[in-house]
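Annotation comment: TrEMBL describes LYS161 as active site, proton donor. As annotated by TrEMBL, substrate binding site applies to LYS125, LYS149, SER417. Annotation source TrEMBL lists NAD(+) binding site at THR250, ASN289. Residues or ranges marked as site 'Important for catalysis' by TrEMBL: ASP203.
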Amino acid sequence: MFSLPCRNIRRKLPPKQYLTFVRCYEIPKHLVKVATDPDPSFYRMVEYFYHSAVKVCEPALVEYLKKHTHFSDKKRTNRVAGILKVMGSCNSSLQFEFPLQRKSGEYEIIHGYRSQHSVHRLPCKGGIRFSDEVDLGEVKALAALMTYKCACSNIPFGGAKGGVAIDPKKYTVAELQRITRRYTLELAKKNYIGAGIDVPAPDVNTSGREMSWIVDTYIKTLGYKDLNAAACVTGKPIHGGGIRGRVEATGRGVFMTISTFIHEPKYMQMINLEPGFKGKTAIIQGFGNVGSYAAMYLEQHGVKIIGVLEYDCNLANSDGIKAKELHNYKMNNKGSAKGFTGAREVGPEIIFEKCDILIVAAKEKTITVDVAKKLNCKIIGEGANGPTLPAADVILREKKILVLPDLLANAGGVTVSYFEFLKNLNHVSFGKLSIKFWRDSNTALLDSVEKSLKEANVEAKVVPTELFQTMMSGASEKHIVNSGLEYSMTNACLNVMRAAKEYNLGLDLRTAAYITAIEKIFVTYDEQGLAI
């Protein structure tokens, strides 16, 4: 959708000229120290990565505006600066409090947040998390990351994020439902939810259950006249308007990103690793929804899972941990991996064991400078948001470790959320209208072939192969979702590779991904103009 104009931005200047062009852009002074800060705020980290990418691509943006021949050099420079300021700032944030009466009869004040970082595309999109670590800064950081993530993957949403500052393990299901419904009402009153405004989704400690409560509350209040009210959230259960493939989408996207790069000889040569999955090993930090599915897909393609780090225990097995068995064990053991017999319990130092692939899918800021110095892997897939500190990022590149950044690697979730959003707007499942037509057509085709053979005195029973049998009825909803996700993730990876090559960034895929997003958002603002 954006690729042609964005490619034109880079084509205005040959790659060598980028290296010699005098860059006038400087990273804001309050962000300079983030580069070496051992514990920067998450929001400052995202800001720093954004401005670092702007510093690289700003000359190309100025050059791109030469298509406006009536602009003077000063006006062109001012326009670029203005768009970049808008792009890097948070549009609006909502912070509110409401009371909750606990089962014990005591009252508690609940703190809720929602931030809309960018409205260059509407609706805004971003999850809702329940965590006692949630605050306004974290929500703003995640909203900014969503803006760049959607743009990087060609998803036409602005970025948003929300959260409630609670530990859900300390609340009953009834209390969680009242909190979720009240949170929804607060968003609705402030016009922070709706199919054309802001579309939340599950995140940390939320799932289809909470999304069902949200959509039910919205439909029965502000959205009762809205035909598209069910599209006010994504990540819903199938029977509540959800879509097949959404649960595993983020983990599947992480796997697809790793797969794209591990089969690229150029990048494997840069990190001295043999292309392909054959004989590879992996360690998973965080075996939740993202990490578990990423591990399962890796295992299906021959990768041996030799270590898993969880919040309550760490597991190791040099012969390989069965990801599916561990996933099922956790589901039947209240979410805990403790006691799993398919591996032995070890200390957290398992993350430093030699492996080919490390997936970090726990929480932000887990790869610090000290951790980065000890890592012994070749590829890092960021399944979590913001797991790597800027200072650690530099060390990883120096060690020739290929980091697949969060805004690229974990975009599978928002991609399939977009498919669910479209399904809700269309009010029909993908493939539902054509599935019988294709089954009848293909059956008629086989019958025709068999009849023709008989007329030629050839006795043969024409039956479909096992593969063709699965495709006889055309594409099911899950087929369409998985193929659409693979196309979107592969295309995003190729765009990032192209940016890395044309800006001569080497292993710095994070900057390349941010540049890809910045160029697309820049084109949108340039074409639509800035609000007065």
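Glycine is no exception: its Cβ is also placed from the backbone N, Cα and C atoms.
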Near THR250 (NAD(+) binding site), which residues of its own chain have a C-beta under 8 A away, given they sit six or more steps off in sequence?
ASN289, VAL290, TYR293, GLY383, ASN410, GLY412, GLY413
For ASP203 (site 'Important for catalysis'), what residues in its own chain, 6 or more apart in sequence, show a Cβ-Cβ distance under 8 Å?
GLY126, GLY127, ILE128, ARG129, LYS161, GLY163
With a radius of 8 angstroms around the mean position of the C-beta atoms of LYS125, LYS149, SER417, what other residues of the same chain does the substrate site pick up?
GLY126, MET146, CYS150, ILE155, PHE157, GLY159, ALA201, ALA411, GLY413, VAL414, THR415, TYR418
For the recorded positions LYS125, LYS161, which Cβ has the most other Cβ atoms within 10 Å, all shown protein chains included?
LYS161
Taking the binding-site residues one at a time (ASN289, SER417), which has its Cβ surrounded by the most other Cβ atoms within 10 Å?
SER417
Tertiary neighbours of LYS149 (substrate binding site) (same chain, Cβ under 8 Å, six or more apart):
ILE155, GLY159, ASP406, LEU407, LEU408, ASN410, ALA411, VAL414, ALA517
Looking at substrate and its recorded binding residues LYS125, LYS149, SER417, figure out the farthest C-alpha pair and report it in angstrom, whole number.
13
